[in-house]
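Annotated in TrEMBL:
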| type | residues | note |
| --- | --- | --- |
| DOMAIN | 4-31 | domain 'C2H2-type' |
| DOMAIN | 32-59 | domain 'C2H2-type' |
| DOMAIN | 60-87 | domain 'C2H2-type' |
| DOMAIN | 88-106 | domain 'C2H2-type' |
Amino acid sequence: EKPLSCNVCGKSFRKNSQSNQHMLIHTGKKTFACTKCDKRFRQSSHLTLHMHTHTGKKSFTCDSCRKNFSDKSNLTQHMRTHTGEKSFPCSVCGKTFRQKSHLTLH
């Protein structure tokens, strides 16, 4: 059972901490600030991952070619080069793209 619900969108949560974390989506509040640049984050875990871009730590490894990445989203994007997956179709012409940014440019 999920007794707590968001008064903005109705999404339900089991824990108060989950509900509070979710509310940051609606408020846009980003309380975790990087000390190396001006980026801010809603979650401390996102700040921790971001800090890897400054330290050079690369914790995510491609199983196919062993290339390392500082964050999971970059690894996910890279994996599409091996699988050929093109998840972003153009609604006008049907052409597909590996990256959402490429679709946007198209």
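Glycine is no exception: its Cβ is also placed from the backbone N, Cα and C atoms.
Each residue of the domain 'C2H2-type' (60-87) gets a DSSP state, and the totals for helix, strand and coil are 12 helix, 4 strand, 12 coil.
Residues of the same chain lying 6 or more positions beyond the ends of the domain 'C2H2-type' (60-87) and with a Cβ under 8 Å from any Cβ of it are 49-50, 52-53, 96-99.
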